[in-house]
Amino acid sequence: MEVLYSLSKTLKNARDKIVEGTLYSNVSDLIQQFNQMIVTMNGNDFQTGGIGNLPIRNWTFDFGLLGTTLLNLDANYVETARTTIEYFIDFIDNVCMDEMARESQRNGVAPQSEALRKLAGIKFKRINFNNSSEYIENWNLQNRRQRTGFVFHKPNIFPYSASFTLNRSQPMHDNLMGTMWLNAGSEIQVAGFDYSCALNAPANIQQFEHIVQLRRALTTATITLLPDAERFSFPRVINSADGATTWFFNPIILRPNNVEVEFLLNGQIINTYQARFGTIIARNFDTIRLSFQLMRPPNMTPAVNALFPQAQPFQHHATVGLTLRIESAVCESVLADANETLLANVTAVRQEYAIPVGPVFPPGMNWTELITNYSPSREDNLQRVFTVASIRSMLIK
């Protein structure tokens, strides 16, 4: 994997810097590195593809070295270099696609394609110029079963989940109380509602709670907490739990009271925040517990009082909500990230070449299913294909 990264880094630099008119002295170190790459690769044959509709291609390396010059690089020099660069880039692209198309239930972090396994041989270690990539560093650690640490912004840690629970219901569905939520990606939105606005609740207060368990622990997370859940702030018709009917939800938004968010790790509370909104920090957690209250306003103007009558029918439904959004965090496991294209790159290659469903990944690389059942085998394979996708993205946009 380190060799693949070094090849890509060298080729990217060569493509960007070996241009007509450039002083040779400005790129002499790069050209020496480029020539070392050619010397190492010459005389070797590789084969890629042969899975799904990814065609089999054979690769033979027999290229001349780039020479020295006292002055600027001329058109002939650059044209010779370009021919070599484009062949190498095409080779790297196909190695990456071949690797992204394969999976294994055992030791899925190791190279799976014939070409990448060959590049892992001792003879190619001379190409290992640079492994400063975060993905390469963590792939090395994972390969040795040591602790990794990926920094994610907008991590896709929450499987998609949208539902409701009713703490009070009846066949007519005209006096309900409960919670509804939407968890997806890096965001949780949860709302507590009471059609009667806590009319008969103790002290006119309804208590709500929402607990979310993560599939992998996060550390040093920067989080935004807001006293609102905008996705539940407009009227809607909702299917009943048994699917036999529908019920009407017409929210009137109140501010939540006694808001508390707890971050837990293995059942132990690590951080707690009470009535604090905006940016908060969570040190280490695998579970989030949100609790908040809906309080019937003790004093109301006539207009507000008309919204929350003392008896049915309740045409407006008192609602309070919270939004919790993970802005950035560190995770020991590789995740999809809304700010990165790695999952999209891997999925696109597998779809384009009709890669058959294997023993590890779900059909279509369905992220919700993948993260919901995030097994060690999936983690290993995802670590590998994301590392390869990060390498490919240097050369292929």
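A Cβ is built for glycine as well, from the same backbone N, Cα and C atoms used for every other residue.
Owing to the predicted nature of the structure, the values given are computational and were not obtained by experimental measurement.
What Swiss-Prot records for 62-73 is region 'Interaction with the inner capsid protein VP2', and it gives sequence analysis as the kind of evidence. In the region 'Interaction with the inner capsid protein VP2' (62-73), the DSSP tally of helix, strand and coil residues is 0 helix, 1 strand, 11 coil.
Among the features that Swiss-Prot reports, Zn(2+) binding site is placed at HIS153, with the record citing sequence analysis. The secondary structure of HIS153 (Zn(2+) binding site), as reduced to three states from DSSP, is extended strand. Residue environment of HIS153 (Zn(2+) binding site) contains 14 other Cβ atoms, counted within 10 Å of its Cβ in all protein chains.
Same-chain residues at least 6 positions away in sequence with a Cβ under 8 Å from that of ASN266 (Ca(2+) binding site) are, in sequence order, ASP286. Under the heading Ca(2+) binding site, Swiss-Prot lists ASN266, ASP286, citing sequence analysis as support.
Classification of ASN266 (Ca(2+) binding site) by DSSP places it in coil, neither helical nor stranded.
Counting Cβ atoms from all protein chains shown, ASP286 (Ca(2+) binding site) has 17 others lying within 10 Å of its own Cβ.
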